[in-house]
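Novice: Here it is: the structure, laid out below.
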Amino acid sequence: MSQSQETLSNLLQETRRFAPPAELAETANVTAEAYEEANADRLGFWARQADRLTWSKRWDTVLDWSNPPFAKWFVGGELNVAYNCVDRHVEAGLGDRVAYHWEGEPGDTRTITYAELQREVSKAANALLELGVRKGDRVAIYLPMIPELPISMLACARIGATHSVVFGGFSADALRTRINDAQAKVVITADGGFRRGKPSALKAIVDEALKDDSTPSVERVVVVRRTGEQIAENPRDVWWHDLVDRQSDQHTPEAFDAEHPLYILYTSGTTGKPKGILHTAGGYLTQVAYTHYAVFDLKPETDVYWCSADIGWVTGHSYIVYGPLANGATSVIYEGTPDTPHKGRWWEIIQKYKVTIFYTAPTAIRTFMKWGDDIPAQFDLSSLRVLGSVGEPINPEAYVWYRQHIGGGRCPVVDTWWQTETGAIMISPLPGVTAAKPGAAMRPLPGVVADVVDDQAQSVPNGGGGFLVLKEPWPAMLRTIWGDDERYVKTYWSRFDGLYFAGDGAKRDEDGDIWLLGRVDDVMLVSGHNISTTEVESALVSHPKVAEAAVVGSTDPVTGQAIVAFVIPRGSAGEEVEGEGFVAELRDHVAKTLGPIAKPRQIMIVPELPKTRSGKIMRRLLRDVAENRSLGDVTTLTDSSVMDLIRAKLPSAKPED
Ligand code: WT7
């Protein structure tokens, strides 16, 4: 099927379906039977997935849910996460298999086999022990995308220390808040990393975060030399190469309880201080390993897998580090940005390493659409066989573009819905089973019980919309918010009695398939109709000249809220997009696609959209622009000059009605 130019009808009337390729369906790791198996005995199903790991002591009880919403999975079981991710593959004779093909932004590379990873992780574990880190202590990790990042995480897991990775793009204030909340004893950082062709400092930010004794828990700072730039040295600092290189590469892992805290990862959320999402060892590793095997159909002997996320986000924790390594996969890690030194860098990496499975985000896909089809066309992407998407709803048009221009029309695209809190993928097609619809996350995975409910927690019928909830505990679920059980209960389990509310709106179509509609705060109320920003954005992106769109509700005296859209034209659209005619064409296009009620009051043609560092559109800022307010906090923006660019465009974007 090649229909990327076909105009969409309403999302719910989306008729395109992409069946699994015959060969994949025949050889898939997971077949349709898995759903039946899990329905018949959910806990038995998860116990069988846990059995794919190596346990030092088997569990007595699969799930203890006697004190909801505080779950205990694989009660009484003991395992070592790092052993499962590294040593057991070496013991199985796979020491020479590549764990990571690492590619630095400047073009330097490093290939790390499982045997080497075992030695590196053992040395780092011995180093942490020398610094006095013990089971249960917290270690903050603030590193660029270099091998020392997964090595540090695994070293913590190996000795039972709980890591808290802070994304390298965060400010000193954000780092300090997270260090203090977790009471980290050690910070692991680097002099800097490479981004957009230049060294970008990290150690200076750590110094700022730690200054004037503002982080009393921190005893030592370990510094990796990456860029070679000058750094200020402090008595508490120690170079990684001075400390780690001289350690023994032998370390015997100890088994920890299945519920031992593996890591804390902070999500910022819209209000209040960041929430430290706590994940524990056994259930988390079980579900990330299973989902990585099932959703990507991973064949560890032959696949080369690449997830383009930063390890500083949960996607990187679960699907660059823990899931792939638990499965013995060969992965690619890339340090830098997709446009350095040229806009084909990612496709060049896929060509170079013959990547077979690729996992990225809609925001990246839309950027590539904007840059133009001719860029990926210059590279050999024929090794690819499965493509994944995560982070936001994927607009059907972006899905079809991804399938066509990256997947050559032959690779299934799996749209995977999950959250930092869920720890692992929850709703997604299975590439060998599902005839996927572009833009739909489709069905809960085997062993996951999700539903779309109304205000009263009643399941909505097919064709209805409401709130996405999870009805049964799952192995990789967050166990609490670090240090704040009450906030955990209040944030996730109080909106609907006994149900986990994810914060997302969703629809179930006539076939019963699930479409995510974005955060519920992003639903607009226009003349009494609920309209999701995602639907209008997808309608706009289905126009052949539109690369990306963001939609917000702006207060309107007549309709309550009115729809305001910000649109980035496609690279190939050229001059035609400047005039009034183009805006009128787009408004008509939305009216035709979704109905006249969804016609935007105003459309602004802009060069960029404001995004968080994890790639989510900051609608709050756009709402401020739409309502002519002064801008709120822009500190989490990737690039605050974007808002100036949008402001500069304002005069040409006058209301249409
Ligand atoms: C929120 C969670 C999960 C890793 C990255 C984000 C949105 C995520 C999808 C998807 C529609 C999605 C949701 C969710 N989201 N994936 N496939 N379709 N929406 O993790 O930062 O914790 O964000 O991202 O709104 O609640 P996160």
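Using N, Cα and C of the backbone, Cβ positions are placed for all residues, glycine too.
When I checked TrEMBL for this same protein, it listed these features:
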DOMAIN    32-85  domain 'Acetyl-coenzyme A synthetase N-terminal'
DOMAIN    93-474  domain 'AMP-dependent synthetase/ligase'
BINDING   Arg195, Arg196, Gly197, Lys198, Thr315, Ser527  CoA binding site
BINDING   Gly391, Glu392, Pro393, Asp415, Thr416, Trp417, Trp418, Gln419, Thr420, Asp504, Arg519  ATP binding site
DOMAIN    535-616  domain 'AMP-binding enzyme C-terminal'
BINDING   Val541, His543, Val546  Mg(2+) binding site
MOD_RES   Lys616  N6-acetyllysine
Novice: Spatially, which candidate from the recorded positions Ser527, Val541, Lys616 is nearest to Arg519 (ATP binding site), comparing Cα atoms?
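Specialist: So, spelling it out, the nearest of the recorded positions is Lys616.
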Novice: Can you give me the residues near the recorded Mg(2+) site, meaning same chain, not Val541, His543, Val546 themselves, Cβ no more than 8 Å from the center of the site's Cβ atoms?
Specialist: Glu397, Ala539, Leu540, Ser542, Pro544, Lys545, Ala547, Ala549, Val567, Arg570, Leu586, His589
Novice: May I ask which of the binding-site residues Pro393, Trp418, Thr420 is closest to Ser527 (CoA binding site) if we compare their C-alpha atoms?
Specialist: Pro393
Novice: Among the binding-site residues Pro393, Thr420, Arg519, Val541, which have a Cβ atom lying under 6 Å from any atom of ligand 1?
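Specialist: Among Pro393, Thr420, Arg519, Val541, near ligand 1: Pro393, Thr420, Arg519.
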Novice: Please determine which of the binding-site residues listed here (Gly197, Gly391, Pro393) has the lowest count of neighbouring CB atoms within 10 Å.
Specialist: Gly197
Novice: Among all protein chains shown, how many Cβ atoms are found within 10 Å of the Cβ of His543 (Mg(2+) binding site), not counting that one?
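Specialist: Neighbour count, Cβ to Cβ under the 10 Å cut-off: 23.
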Novice: In sequence order, which residues at least six apart in the same chain have a CB under 8 Å from the CB of Arg195 (CoA binding site)?
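Specialist: Set apart from Arg195 (CoA binding site) by at least 6 residues yet with Cβ under 8 Å, we have Glu105, Pro144, Gly336, Thr337, Thr340.
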Novice: Using a 10 Å cut-off between Cα atoms, which of these recorded positions sit near Thr420 (ATP binding site): Gly197, Val541, His543, Val546, Lys616?
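Specialist: Within 10 Å of Thr420 (ATP binding site): none of them.
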Novice: Which ones are near Thr315 (CoA binding site): of the binding-site residues Gly391, Pro393, Thr416, Val541, Val546, which have a Cα within 10 Å?
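Specialist: Candidates kept after distance check: Gly391.
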Novice: Mind computing the max CA-CA distance among Arg195, Arg196, Gly197, Lys198, Thr315, Ser527, which the record assigns to CoA binding, rounded to whole Å?
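Specialist: With Arg195, Arg196, Gly197, Lys198, Thr315, Ser527 as the binding residues for CoA, the largest Cα distance is 50 Å.
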Novice: Nearest to the residue listed as 'N6-acetyllysine' in three-dimensional space, by Cα, is which of the binding-site residues Gly197, Trp418, His543?
Specialist: Trp418
Novice: Just to be sure I understand, if DSSP states are collapsed into helix, strand and coil, how many residues of the domain 'AMP-binding enzyme C-terminal' (535-616) fall in each?
Specialist: 32 helix, 27 strand, 23 coil
Novice: Would you please pick out, from the binding-site residues Thr315, Thr416, Thr420, Ser527, the one with the fewest other Cβ atoms within 10 Å of its Cβ?
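Specialist: Ranked by other Cβ atoms within 10 Å, the binding-site residues Thr315, Thr416, Thr420, Ser527 bottom out at Ser527.
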Novice: When the Cα-Cα distance from Val546 (Mg(2+) binding site) is computed for each of the binding-site residues Arg196, Gly391, Pro393, Trp418, which gives the smallest value?
Specialist: Pro393
